[in-house]
Number of protein chains: 2
Amino acid sequence: MGVKLGILGLGTVGTGTVQLLQDAVGRHPLLQEIEIYRVGVRSPNKSRDVQLQPEVITTDLESIVNDPAVDIVVEVMGGLEPARSLILQAINNGKHVVTANKAAIARFGAEIFTAANQAGVYVMLEAAVGGGIPVIQPLKQALSVNRLHTVTGIVNGTTNYILTRMQTEGSDFGDVLADAQRLGYAEADPTADVDGLDAGDKIAILASLAFDGRINLEDVYCEGIRQVSKTDIAYAEKLGFVIKLLAIAKNQAQDATKLSVRVHPTFVPKTHPLASINGVYNAILVEGEPIGQVMFFGPGAGAGATASAVTSDILSLVAALKSNTTAPNPLLTCRHEEYSQVAPISDLLTRFYARFLTKDQAGVIGQLGTCFGNHGVSIESIVQTGFQGELVEIVVVTHDVREGEFRQALAEIQNLPAIDSIPSILRVL
Amino acid sequence: MGVKLGILGLGTVGTGTVQLLQDAVGRHPLLQEIEIYRVGVRSPNKSRDVQLQPEVITTDLESIVNDPAVDIVVEVMGGLEPARSLILQAINNGKHVVTANKAAIARFGAEIFTAANQAGVYVMLEAAVGGGIPVIQPLKQALSVNRLHTVTGIVNGTTNYILTRMQTEGSDFGDVLADAQRLGYAEADPTADVDGLDAGDKIAILASLAFDGRINLEDVYCEGIRQVSKTDIAYAEKLGFVIKLLAIAKNQAQDATKLSVRVHPTFVPKTHPLASINGVYNAILVEGEPIGQVMFFGPGAGAGATASAVTSDILSLVAALKSNTTAPNPLLTCRHEEYSQVAPISDLLTRFYARFLTKDQAGVIGQLGTCFGNHGVSIESIVQTGFQGELVEIVVVTHDVREGEFRQALAEIQNLPAIDSIPSILRVL
């Protein structure tokens, strides 16, 4: 046998990967030259959906990353530690690494890739973003001949599933979330998904590849979907939009020194390629010069899809090992060590949708218009849309505005005696 | 300077590629190590949108493929000859080749890739299918760990543009074609596009990559869109479909020894990912195990998009040259030399939509139903939809049926005295 794998973790993704590799006929012939040499697990006696010889299984994960016989370490255990330490140790021992761990890469990517470049090994992460969709390799390779200016993704399947159901059923967030948890589409603790943190990890990774600079995760603005109501989804529909949790990385202008990197629920025009991505599917739209728009669509999670991505990285490494390179392949290494500057969200130029509940008085629309005008916020439409009990509902859509100025206007509006509350503020793509 | 390119052709794609390479700042840094060493043209004095030193330009294309200084030959001249001969000569001289020439690859791929494998060089063809969309590399690499069973593409922008306009405007094929020609979206001689031949070349290439076997182009069934009428588009709409020219390659069953490879206008359910691909855009949907469905979407043509694909191939080759491989990279070589068996269209299992014009007599629907029944064709619906002058219009949608049996039933139906004509027969996805 040829190339020896040490696999860390035998959960959903690890099991899927082992199943794929053990059933190699009809796939790329190089897969048959791979040996599943060691698999590290926490509980060796747990019943599993794969057959492995007892000597392959170990609970001593360090022994795998330190074993001189192991060529490639496949980290599919997830979590921050010991994943980070094991990856670093594997690198320092001269092993190539495949990881599906977006959380670890988004937080420790700088440390990990610096170590990998020093050791002359590759760290592959196709499975970290977009499940089975090949998007990391196209960004690092084919699309890198372009000057990219925007990456826009639906990169969290759980929230897209929830928003799709809210839209088709007219249901409330809480009800759909509870049902999604029951069906296994959402975790018992849904925080990382519904608060946009998982999408934040992923857009940090995509931004670093698209714009050739490391991203400090704390610079990524993350706003989740807990505040999205069925009322807003219905208004979006009326106005020709759908609401999607978008992860966006943008080079705001050719001469901009700072990127915009953010996650938030967004009004997306129905004609936009991302508007029709529904359910647990993911899609990543990449825009640049001269290519224009390209989009990658597919399953954002699941054992099989993620195993496909993990195995594609293993395949790339096996091919690199087979071709006996004497110098690193510059398309497989990390080629940036600087950090990109990320602008604060208050600098964002965007359109807004805002929904107000006000007392039923004459002149409220005029007061809103004046407040916005005082802060340079140009209004596209301001419409009294109906009543909620005693209160009047007013929906405002702005032209492009600096977010900071819009927020100042809102702060002033909040203090107007006629204003009861501002239940929704959403950005418009 | 590092790697020397010899570019054959300075038309739209060649010019786009030179422009991209001459404006390398802000793109992948490896592009700055490329020298545009020779460019072969037919008319050296023609005015062009790029500046090149006079000594770079030559009309002697053979001198380029024979020049020992040239590392990579970029064939962007199109056409069958001399493109084929020049590519073969470049290969025999040990040069890597990048080509955008789907017609030459679909016809002479066997000869070209056999020569390339013997010479130990790579032939790259990302630009041959899907314009700027990275789809060839994912098929050869990331997706090849799957057992693929279907590739379905909208791979011809001209016909998709025409069908989209017919659909949105309710116009006839002839009128939209004439307008598309006037606007430059269709060629003066539109045969290759509207008769499905260009899409046929492309699906032959995609099928060879997805199913690891060469495709004899004569085995590819090609039916164009000249027969698609606005009446059928309107019926499709009513039934919940759109009509798209699909290029399909399918491994019909796990145990099937023959592929289905074909191009034809198709009823596509509106909920299908390909249904919303409009205008000149292309999309390729790949399905396999365990990944499920992934789709690639983007500009199918145009100088910039195609230049992006050509340059991405150049980048891959430059990286391979830089990494000093001593053995060929198995992900860049062609790994099949056998031909795939392709089933005749009469073996296809598919649903059909057919529209009949009949005399206004009692019992016609019964006669149709009986004829279909005699040939084992199971009907999903048969509806008298209205009148066209004196004649009655009847629309039939079948369940899955072997195409040969359906055609036999049609031949019998055509001889029924009550039948005036069968204006439309379309397959249903």
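Glycine is treated like the rest: Cβ placed from N, Cα and C.
Here is what TrEMBL says about this protein:
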- A:Leu8, A:Gly9, A:Leu10, A:Gly11, A:Thr12, A:Val13, A:Gly14, A:Thr15: NADP(+) binding site (BINDING)
- A:Lys102: NADPH binding site (BINDING)
- A:Glu187: L-homoserine binding site (BINDING)
- A:Lys202: active site, proton donor (ACT_SITE)
- A:353-427: domain 'ACT' (DOMAIN)
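Annotated NADP(+) site A:Leu8, A:Gly9, A:Leu10, A:Gly11, A:Thr12, A:Val13, A:Gly14, A:Thr15; additional same-chain residues within 8 Å of its Cβ mean position, judged by their own Cβ, are A:Ile7, A:Gly16, A:Thr17, A:Val76, A:Met77.
According to DSSP, A:Thr12 (NADP(+) binding site) sits within a helical segment.
Put simply, A:Glu187 (L-homoserine binding site) is 14 Å from A:Thr12 (NADP(+) binding site) when counted between their Cα atoms. The recorded positions examined here are A:Lys102, A:Lys202; by Cβ neighbour count within 10 Å, the least packed of them is A:Lys102. For A:Gly14 (NADP(+) binding site), the same-chain residues 6+ apart in sequence whose C-beta sits under 8 angstroms from its C-beta are A:Ile7, A:Leu8, A:Val39, A:Val74, A:Val76, A:Met77. Distance from the CA of the residue listed as 'NADPH binding site' to the CA of A:Gly11 (NADP(+) binding site) is 16 Å. Using a 10 Å Cβ-Cβ cutoff, the residue listed as 'L-homoserine binding site' registers 14 neighbours. A:Val13 (NADP(+) binding site) and A:Glu187 (L-homoserine binding site) have their C-alpha atoms 16 Å apart, to the nearest angstrom. In terms of C-alpha distance, the listed recorded positions A:Gly9, A:Leu10, A:Lys202 place A:Lys202 closest to A:Lys102 (NADPH binding site). In the structure shown, the C-beta of A:Gly9 has more C-beta neighbours within 10 angstroms than that of any other entry among the binding-site residues A:Gly9, A:Gly11.
Of all the binding-site residues in the list A:Gly9, A:Thr15, A:Glu187, the shortest Cα-Cα distance to A:Lys202 (active site, proton donor) is found for A:Glu187.
Distance from the CA of the residue listed as 'L-homoserine binding site' to the CA of A:Gly9 (NADP(+) binding site) is 19 Å. Looking only at the domain 'ACT' (A:353-427), the predicted model's pLDDT averages out at 94. Separation of the C-alpha atoms of the residue listed as 'L-homoserine binding site' and A:Leu10 (NADP(+) binding site): 19 Å, rounded to the nearest whole number.
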